[in-house]
Amino acid sequence: MARTLRLLRYGALGLGAVAALLPFYYMLIGALQKKRDTSLGGLLPDPSNLTLANLSGIDDSFSLTTALLNSLIMTAGVVACTLVFGLLAGYALAILHFRGRGLVFALVLLVQAVPFQLLMIPLYVMVVRYFHLADSYAGMILPFAINSVAVLIFRQYFLQIPREIFDAARMDGASELRILRSVAVPLVRPAILTAMLVTFIGPWNEFLWPFLITKNPDMQPLAVSLANFSQSNSTFQANPMGAVLAGACVLAVPAVVLFLLFQRHFTSSNLGSAIKG
Amino acid sequence: MTAPHPHRQETRAAGGSPSGPQLQGSSRPVPHASARAGRQPRPRRAHRVERWLGRHPFGLALTAPYTIFVLVVFAIPFGFGVWMAFHDYFFTAPGVSVPHPFVGFDNFTAVLGDGDTQRAFRNLGVFMAINIPLTVVLALSLAAALNAATRWSVFFRASYYVPYVTASVATLAVWLFLFSGSGAVNHALGAWAPDPSWLANKHLVMPLIALYVTWKQLGFYILLYLAALQNVPRELHEAALTDGAGRWQAFRAVTLPAVRPVTSLVILLSLITSGQIFTEPFLLTGGGPNGASLTPALLIYQRGLEQGEPDAAAAIGLILVTAVLILATISRRVMERN
């Protein structure tokens, strides 16, 4: 009885893993195929039908390096803003006493409940028409520049640090800015890694917002370029499916590798609504 | 944690009590300066500043970027969206100012009477009816199996999570080819392949999208369940078994009630995600065939930006959010009643 149960359990777990990973295997094998082979035999690697040409084939439609660079700039901008503003706000909420602190903390919680589909159109109108930020990195970064989850991560971390440390520095006559720079920031380093991992994936994978505000192909991040590429019927490609899947691999690999490297940091308490796309 | 700060001892010696009871997460500002007793009196102005801005006005400066951000990216667009939904708003050439008269609920009645809107919300209903139960059942069973498993558990957990961290654009490209008319799935099914094929079939396209989203999100929900399951005392389960309960009975009597808060959360999060389904129909089908995979979020994009009716789009957005809120409230009531 216990044996059957264990067999059943591992059977279910194995089946789940196959279902989760099979599309990724197909992504890889499809990206390497010289000629599209949709038959079941095509699922197995056939040495005579393998090539890396699909990757360069993308460049006929859009510049892979430009798109990657745009993705990188957008992601780096979002992560940098999230870390700086998240750390400042988290520190203030945990350590400092000031008027309106309760209100700010309530905002942090409330903001997470506002659904993006409600903001999509008005935000688009504001950013494109009033701020004139269409086709710009600033426009891409703006809606993600502050992440409430990052604020909460930093706040939680600062709450665990004995408050006497900050009071002592203050008694020694250190200015508030000095305390922040020389005491708070060095102490909170481990939280910076967590916040970085949690915020990296969102902007890297984000499609809808950059798709809305970038019409210039030279400004589009990879997710948008790739989506446009797979929508256009690129029949002039030797293997259009291979080219799209090769692009998908390029988009997928950084996030997956980062996740596998820092797996233990991806815990349920850290994630929440931080990951979109 | 880092080594204790050298000044900590000094503070204690100086008798400076660590500023009263600190309520974690408390939002109560502490206005008085009793902790400063014994220090030289400060000028009157400083006292006044402190009374008005709190002990550390610097905190206001540090949180200012966040507050401004919330105003610009959330509060103002939110207000603007609500305003739009009740006015006749349309795009004009830059610099041209035209009146946008108040039209009451006209946008809402127009949108609700529209076949596309009704279809989009019906599709969303189909999506939820498949996605939410499937997510709860699969995530809970896999998490329970994972919790009991001793070997390979890191591998299993990581593999379930990989779809969740991968861009939708990348994974949707794979699904598009897998489920295309001459794709691998139809090859595998042979004579059982559906006709018309998956993405062109108006009965199958929405269930397929629901299946995709379940697949993509499952890893995250498994993680949530796993954290809850690890907190269920093993003795409780064993006690139920010794009392003669079957394994299924023990699961129902012990495990299920213990993870009920997580189930409630999973349903809530799934509801919220459901309302945002845009990328999937947009990339897989463009909403077709014949509106069979149109979702409210996709409709907002089409009406607002493609057809230039932002007021109608804002009205759909408000209806959608209200509908999701109502469903979320109902699900919470149901989950917390027993």
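Cβ coordinates are placed from backbone N, Cα and C, and glycine is handled just like the others.
Cβ atoms under 8 Å from those of the transmembrane segment (A:7-28) belong to residues 43, 245, 248-249, 252, 256 of the same chain, restricted to positions at least 6 beyond its ends. What TrEMBL lists as transmembrane segment is A:7-28 (among others).
Marked as domain 'ABC transmembrane type-1' by TrEMBL: A:68-262.
A Cβ distance under 8 Å defines the sequence-distant neighbours of the transmembrane segment (A:72-96), meaning residues of its chain 6+ beyond its ends; these are 104-105, 108, 137, 140-141, 144-147, 150-159, 163, 166, 180, 184-185, 188, 192, 195-196, 199-200, 202-204, 206, 210, 221. As annotated by TrEMBL, transmembrane segment applies to A:72-96 (among others).
Long-range Cβ contacts of the transmembrane segment (A:103-125) within its own chain (Cβ-Cβ under 8 Å, at least 6 residues beyond either end) map to 89, 92-93, 143, 148-149, 151-152, 155, 208, 212-213, 272-273. Here TrEMBL flags A:103-125 (among others) as transmembrane segment.
Sequence annotations record features per position, and here TrEMBL assigns transmembrane segment to A:137-158 (among others).
Positions annotated as transmembrane segment by TrEMBL: A:179-202 (among others).
Here TrEMBL flags A:241-262 (among others) as transmembrane segment.
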